[in-house]
Amino acid sequence: MLASLPASLALVVALATSASAHAAFWDKSMYGFNVTAQTFSYDNRPQVPLYDMTFDQWWFHGHKDYPPNEGDFFELPAGGEVNAIISCDKGATPFYASSPGGDSGYGSDSPCPGQPTSEYHTTGIDDVKGCCMAIAYKADVNDVQPDDFVVFSCNATCVWTMNTKFEIPKLPACPEGGCHCAWFWIHSYDSGAEQIYMNGFKCQVTGDVGTQPLGKPAVPRRCGADPDHGRPDPVPGNCTIGAKTPMYWYQKEGNNMFEDTYDAPYYNQLYGFADGAQNDIFMDGVIASLASSGASSTLTSSADSLSAVASSTSYPAHPTSSQGAASTAYPSSSTDAASMTQPYPTSSSSSSTSEAQPTSSRSSTDVQTTLSAVTSSVSADSSTVSASSTPEDVVATTSTAESINPTRSCKPRPSGAAVQKKKRKHARRLHNAH
């Protein structure tokens, strides 16, 4: 007994330390609200990161069999805003009473009370990369597929405080039985191992609901300024405008993003996500440079083409050399269908056609307005592509031929042997730590 005491104490310390690391969305409406470290054969608490997992493990965090109580919904006031609770530990939230460890710091607005910022994967406020919420207009969780989700709100300074505001666009009403939503986060590549976070929850649009259906979502594309990787200027023409899917990255299967370890995708302007309500979601997702033609027929066909790539049932896993070397064009986040090898597992319940994600087409005027807004947003900090640039000016920075090519190649890593050696050392340290 005495001989085993040090090992037991070490385990307790390790569990206590890990209990406050990482972050999750917390609410009674969530799947896995009462999941503990002992529920699964592995630690699958809501705040545990998702990395190199099978589809069933990472999708809804593997918590579909742990639904919220009947009638528990997270309310989304159409055209308003909502406060979300983001924390490393359920015990530090208003829901501490149902936490295995009880109150562990509730009252602080820190996402991880008493812990350094490294516990929620950032070196400081200038290193946070944003998080988002997405919605699927399906009441049965077994009907929800990855391409049903549309990102409707982002917070660019997330994760930084426990109380995190999300602005809500004029969303239409949910079907009978409510909608499904999810919180997504990908942290800075230099502040933790490559991983994603996803927590699903039941949601309901309330108040003065809209009547405009959401557009068909497309995969986000890297288009913002990225000076850390040698791209000081944004390329707005490469943005996906309109409805966008969440970003599924670095899993064994089900990925729609294929950026490598040091090129993590983020829910911010780097991928065309504005801070706040995503008010362009009422048009089909399409590459900005294609939408600038002003022809609604071109927009519709382009959106259908892009969405077909995004919603294909086959996705490759991690990047491989077969995907080709980085091109001179700004990298796309869509993929060549011929290279797709790993399908989404199909649900045991067939999708309900009566609750399918509503879609819409928009006029060329709407497209031009949205394109101008995107141009202004991603160009705000650029001296080359100004906020007053016309759509034609923007398109000149990225050719249509480059943009419509569905083959995606990863962005080249920073040059220099010293830089690469430092990054490899950093990655090894992070993997050992997590």
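One is the number of the first residue shown, and numbering goes on along the chain from there.
Using the three backbone atoms N, Cα and C, a Cβ is placed for every residue, glycine included.
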Swiss-Prot annotation, disulfide partner of Cys158 among Cys131, Cys132, Cys181, Cys203: Cys131
Going by Swiss-Prot, the cysteine from Cys174, Cys203 that pairs with Cys181 in a disulfide is Cys203
Pick from Cys88, Cys132: which cysteine does Swiss-Prot list as forming a disulfide with Cys112? Cys88
Let me make sure I read this right: Swiss-Prot says Cys174 forms a disulphide bond with another cysteine. Which one, out of Cys154, Cys179? Cys179
How many Å lie between the Cα of Asn155 (N-linked glycosylation site) and the Cα of Asn238 (N-linked glycosylation site)? 22
Expressed in Å to no decimal places, the gap between the Cα atoms of Asn238 (N-linked glycosylation site) and Asn34 (N-linked glycosylation site) is 42
On the three-state reduction of DSSP, what should I expect for Asn155 (N-linked glycosylation site)? strand
Least buried by Cβ count (within 10 Å) of the glycosylation sites Asn34, Asn155, Asn238: Asn34
